[in-house]
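Engineer: Attaching a single structure in structure tokens format; questions to follow.
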Amino acid sequence: MSKMPKNQNLDIERKQDHIEINLMKNVASTLTSGFESMQFIHNALPEINYDSIDTTSTFLGKSLQAPILISSMTGGTTRAGDINYRLAQAAQKAGIAMGLGSMRVLLTKPDTITTFAVRDVAPDIPLLANIGAVQLNYFVTPKECQYLVDVVKADALILHLNVLQELTQPEGNRNWENLLPKIKELVNYLSVPVIVKEVGYGLSKKVAESLIGVGVKVLDIAGSGGTSWSQVEAYRATNSLQNRIASSFINWGIPTLDSLKMVREVSGDIPIIASGGLKSGIDGAKAIRMGANIFGLAGQFLKAADTSESLLSEEVQLIIEQLKITMLCTGSRTLKDLAKAEIRL
């Protein structure tokens, strides 16, 4: 296992804090995703049967019944394990993709595997392993990353970029130097594609170009408008200075729509996941229209999964129905049609 000089109990406590704060506190960015400024032109005569609306797509070589990702959230604790289990069941039932929360803890506490091992209840979906990119500067090796992929039978590995969150954590990692060459090394080593994901502050055109240049296969832009992780860390702060530093960045980041436009300029055939402040299947449809291949949501799924299986199932179905109704009301039989639907910005 990893040589990371980390306090194992601190990792677990942080994960517990993150779940509790996200469920109980207002941690929304003061920025918006930008999608509220965009409207579809309503088609009053679509000439399409609702039952023929086709939301299917493919991702990582697997079929999706809808272009939706349950974005990475949690793992490592008993409560997180229960949440992941419910999320995986819901993803399998709906035929959508799922990302696991950061798996760094698994490298120092192998017994936490039970909180991430959901493949048995979700055998058919695209399942994404996950670790912070900065950990490549803190003793995590490509071999260990491959282990994380193998142990959960993942279809890809997410490297999340959470620089602002790390810098607003008292125990956060500060060394972000020379990461790109390490990402390239990892891309060339792994048996599965590498996905790079922001965590709520957006990817710029320049960063996207750099990542594509080293072989990253999928980009999750995760722009602002949803959870502000600096605000989460403000609630975790143990003194006034830490709280004030973290709170000052609540309006930081690139709105998701702006990030999507930037990244689409340089992405070519690289799939884009649009996440960050999306609240509905209508927002998801807007993301598809603006160039995303699939869209991700987290917060509403987390709250539903922590409550009950039935509420989570309803939440997933709500998103899908909103997407399908939007497609019909724009005259879009397929996702390709939706990508060309009339809009007003």
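Each residue, glycine too, has its Cβ placed from N, Cα and C.
This is the feature table in Swiss-Prot:
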- ARG14, LYS15, SER102, MET103, ARG104, GLN165: substrate binding site (BINDING)
- SER71, SER72, MET73, THR74, SER102, ASN130, LYS197, THR227, GLY277, LEU278, LYS279, ALA298, GLY299: FMN binding site (BINDING)
- GLU166: Mg(2+) binding site (BINDING)
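Provide an account of the burial state, proximal residues and distances for the features listed.
Structural biologist: Its own atom aside, the Cβ of ARG104 (substrate binding site) has 23 Cβ atoms within 10 angstroms in the protein chains shown.
If you draw a 10 Å sphere around the CB of SER102 (substrate binding site), it holds 26 other CB atoms from the protein chains shown. According to DSSP, SER102 (substrate binding site) is assigned to coil rather than to any helix or strand.
Summarising the environment of GLU166 (Mg(2+) binding site), the number of other Cβ atoms within 10 Å of its Cβ, over all protein chains shown, is 19.
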Engineer: Look at the binding-site residues SER71, GLN165 and tell me which residue has the greatest number of other C-beta atoms within 10 angstroms of its C-beta.
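Structural biologist: Going through SER71, GLN165 one by one, the largest Cβ count within 10 Å is at SER71.
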Engineer: Can you tell me how far the Cα of LYS197 (FMN binding site) sits from the Cα of ARG14 (substrate binding site), in Å?
Structural biologist: 20
Engineer: Taking only same-chain residues 6+ apart in sequence, whose CB is under 8 Å from that of GLY277 (FMN binding site), what do you get?
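Structural biologist: In sequence order, the residues whose Cβ lies under 8 Å from that of GLY277 (FMN binding site) (at least 6 apart) are SER29, LEU31, THR32, SER33, PHE35, GLY223, SER224, GLY225, GLY226, PRO255, THR256, ASP283.
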Engineer: For the C-alpha pair, I'd like the distance in angstrom between ARG14 (substrate binding site) and GLU166 (Mg(2+) binding site), rounded off.
Structural biologist: 12
